[in-house]
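Worksheet: the structure to be examined is printed underneath.
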Amino acid sequence: MTRWARVTTSNSKRPLSATSWEDMKKGSVERADQSLPNRKQCQSSRLPLRNDSPQAKRKKNKKKKEYLNEDVNGFMEYLKQNSQVLHNGQLIAADSQEVREEIAVALKKDSRREGRRLKRQAAKKNAMVCFHCRQPGHGIADCPAVLESQDMGTGICYRCGSTEHEMSKCRANVDPALGEFPFAKCFVCGEMGHLSRSCPDNTKGVYADGGSCKLCGSVEHFKKDCRENQNSDRIITVGRWAKGMSADYEDVLDVPKLQKPKTKVPKVVNF
C-alpha cells in the first residue's frame, strides 16, 4: 500500500512507507475500547422496552383465586354469632318478630303469584279448541286423533311437505292441479289440497263467529293480511309534541297530490 503526503510548494510527490496490518488492528481495538464506556452510559440512561432479566422470565401470570366465601371481612359471620341481621340499615335480632313477619309475608306473596300463574295457564288451555276434533282443552298439535290419522300431518309445510321450514317461508313451486296446499287436509270436508278457510263448504272462512275483512269483504283472510291494505299508500304516523306547540294542533294526514310536470313548449321568436 502506497501513501502520498500532502502536496508541498513543489509538485513533487514523496512516497511514504505503508502502515502494517498489525498497527491498523491495534488502532481499531483501541478506538473500540474507548467507545465502550460511552455506549454503556447511553444504554444505562435509556429505559428498557421489556424486562429481559432471568427473574422476570421465571415469573408467570398466576390466575386469581376465586373467593370461596363472599364474606371477605367476616362481618356477616360476626352478625350470625351475635344472632343479628341487617334490617333497613339497622341491626336487629334474627329471631325477632319483625323478621318472622317479613318472611311470612314474602312466602304468602310468592304462593299467590304462583297460583295466579297456574290459573292463567289453565284458563288459556280450556279456551283452546282443537280444529281437528273440535274438542276443548288441547290444540291440533296435541290432538290424539291426529296421531292416529295417517293423512293429517303436523309440523310440516303444507305446500311442499318439508319439516325444515314453515308454510309462510316456503319457496317451492306447486303444481296447480294438486291444489294450493297438497299436503294439507281440510277440517270441514276432510279432503286434501286446501285449508279450511278456502273450503267451499265453509261459509264463515277464518271468521268462526262471523264477519269478514273490512277492506275487501273476503272471509279467507284477516284485515292485516289483505292485499289491498298492503298495496295501499296510506301510512299511519304518530306525531310528536314539540316545545311551544298549541294544544289544538292537528296533523294533516291527507297525502298531497303529485303535480304533473309541465311540458315545455318550444319558444318561437319572430323577427
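Even glycines carry a Cβ here, placed using N, Cα and C.
Summarising the annotation, Swiss-Prot assigns compositional bias 'Polar residues' to 7-20 (among others).
Look at Swiss-Prot and you will find 22-33 tagged as compositional bias 'Basic and acidic residues'.
Annotated compositional bias 'Polar residues' per Swiss-Prot: 35-46 (among others), in sequence order.
Annotation source Swiss-Prot lists compositional bias 'Basic residues' at 56-65.
The region 'Disordered' feature in Swiss-Prot is assigned to 1-67.
Here the zinc finger (128-145) is broken down by DSSP into helix, strand and coil counts: 5 helix, 2 strand, 11 coil. As annotated by Swiss-Prot, zinc finger applies to 128-145 (among others).
Residues annotated as zinc finger in Swiss-Prot, with sequence analysis given as evidence: 155-172 (among others). The list of residues near the zinc finger (155-172) in space but at least 6 beyond its ends in sequence, with Cβ under 8 angstroms from a Cβ of it, reads 141, 180-184, 195.
For the zinc finger (184-201), the model's pLDDT averages out at 80. Residues or ranges marked as zinc finger in Swiss-Prot (evidence: sequence analysis): 184-201 (among others).
Per Swiss-Prot, zinc finger is recorded for 211-228 (among others). Tertiary proximity for the zinc finger (211-228) is limited to same-chain residues at least six positions away from its ends with a CB under 8 Å from its CB atoms, namely 197-198, 203-205.
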